[in-house]
Amino acid sequence: MAAPKVAVVGAGVIGLSTALCITETCPSCSVTVLSDQFSPNTTSDIAAGMLIPHTYPGTPIHMQKQWFKETFTYLFAISNSAEAAEAGIHLVSGWQVFKNAPKEELPFWSDVVLGFRPMSEAELQKFPQYRFGQAFTTLKCDCPPYLLWLEKRLKATGVQMYTRKVADLWELHSEYNVVVNCAGIGAHQLVGDEKLFPIRGQVLKVHAPWVKNFIRDGDGLTYIYPGIHRVTLGGTREKESWSLSPDPGTTKDIFDRCCSLEPSLQRAQDIKVKVGLRPSRQSVRLQREVLSQGGVKLPVVHNYGHGAGGFSVHRGTAKEAAHLVGECIAALQGSSSRAKL
Ligand code: FAD
């Protein structure tokens, strides 16, 4: 079989990282990324990019932990390299605070982040409305720079990237041997997945360079995440809302909530409002499928539905998707050599 041709649909953090993992695990593959949007116009560009996992109720915890650990290890190495600034990856320390005792004293990811510990009484004095807290150091991706860095690495390995809206995965069967579906919320229409739904998120990106620590209310709704250039203030979680228009009332509410956690934000400047749709599911869809029409087969690997935690697990799920692509290619090679006998 000649160099297997693999198409990756989608150019958010999942599509780009999956394409990169495929080039690493299958150097003989010819990989193409097809997407109707690239950075800066994807959901991944809106995200805060904090490595604090979201929990997928339908995925075993040991698997989620493995994905998170692989992602953390990968990005930690980048943060310790000369690439860190260009890739937009940096360590950030801070606090997750709770009004009531947290459900889990030790979240499953507590031994993956660095220095996880209960907050001291002195630290808690900064948050008079809160009674409990956890302090730790994690990683943050500044999302548009990280996506551009991934694109640059892909181009350097010869990956082609084309702007193209795919209406049906089957339309790719005559051009590619394997198709990888990383369409995020677009998979709702692309493969008719009714289990996939949007959770709308509105955030503010502000200039407040004096804010160096992250602060997150344990309910996950209010957060302050400092990046290299801007601070992300959040947020909202609106299930089944497809609206991409910013809501001015929500903007004020987010700003007020964040100022009550960090009063110095009153002086924040250059406030930009962004909205994104988290591609949500009970579990990430990470599996092989074979499409078939009139005796012709097209192996597909799905990797979508990362909800509120795509950045936190992207490298782990990309590696698994690349492994599944390898299995598809092995199956194709097996059937083409059987056909020659
Ligand atoms: P996307 O980035 O949406 O990419 C999908 C790609 O597929 C796009 O390029 C799109 O153009 C393309 N596409 C779709 N349909 C088609 C089609 N038919 N044909 C061709 N191309 C198609 N996660 C974290 O881990 N940490 C955070 O701090 C964090 N903060 C967030 C804050 C907000 C406000 C939001 C909205 C999300 C946040 N997330 C966070 C979640 C994270 O953004 C997502 O999990 C992640 O971006 C999903 O990536 P994706 O590549 O699957 O989707």
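The chain as shown is numbered from 1 upward.
Heads up, the Cβ atoms here are built off N, Cα and C, so glycines get one too.
The feature signal peptide is assigned by TrEMBL to 1-19. Positions annotated as domain 'FAD dependent oxidoreductase' by TrEMBL: 5-324. Here TrEMBL flags THR43, SER44, VAL166 as FAD binding site. Annotation comment: TrEMBL describes TYR223, ARG278 as D-dopa binding site.
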Annotated FAD contacts THR43, SER44, VAL166, maximal Cα-Cα distance (Å, integer): 19
Secondary structure of SER44 (FAD binding site) (DSSP, helix/strand/coil): helix
Count of other CB atoms lying within 10 Å of the CB belonging to ARG278 (D-dopa binding site): 25
For the signal peptide (1-19), sequence-distant contacts whose Cβ falls under 8 Å of one of its Cβ atoms, 6 or more beyond its ends: 26, 28-35, 37-39, 42-44, 47, 141, 143, 146-147, 150-151, 154, 159, 161, 166, 169, 172, 175-184, 186, 190, 303-304, 306, 310-311, 314-315, 317-318, 321-322, 325, 329, 332-333, 336
Around the Cβ of THR43 (FAD binding site), the count of other Cβ atoms that are within 10 Å: 24
Among SER44, TYR223, ARG278, the binding-site residues whose C-beta sits under 6 Å from ligand 1: SER44, ARG278
Most crowded position, judged by CB atoms within 10 A, among SER44, VAL166, TYR223 as binding-site residues: SER44
Three-class DSSP secondary structure - TYR223 (D-dopa binding site): strand
SER44 (FAD binding site) to TYR223 (D-dopa binding site) - Cα separation in whole Å: 18
Whole-number mean of pLDDT values that fall within the domain 'FAD dependent oxidoreductase' (5-324): 97
Integer Cα-Cα distance in angstrom, THR43 (FAD binding site) to TYR223 (D-dopa binding site): 18
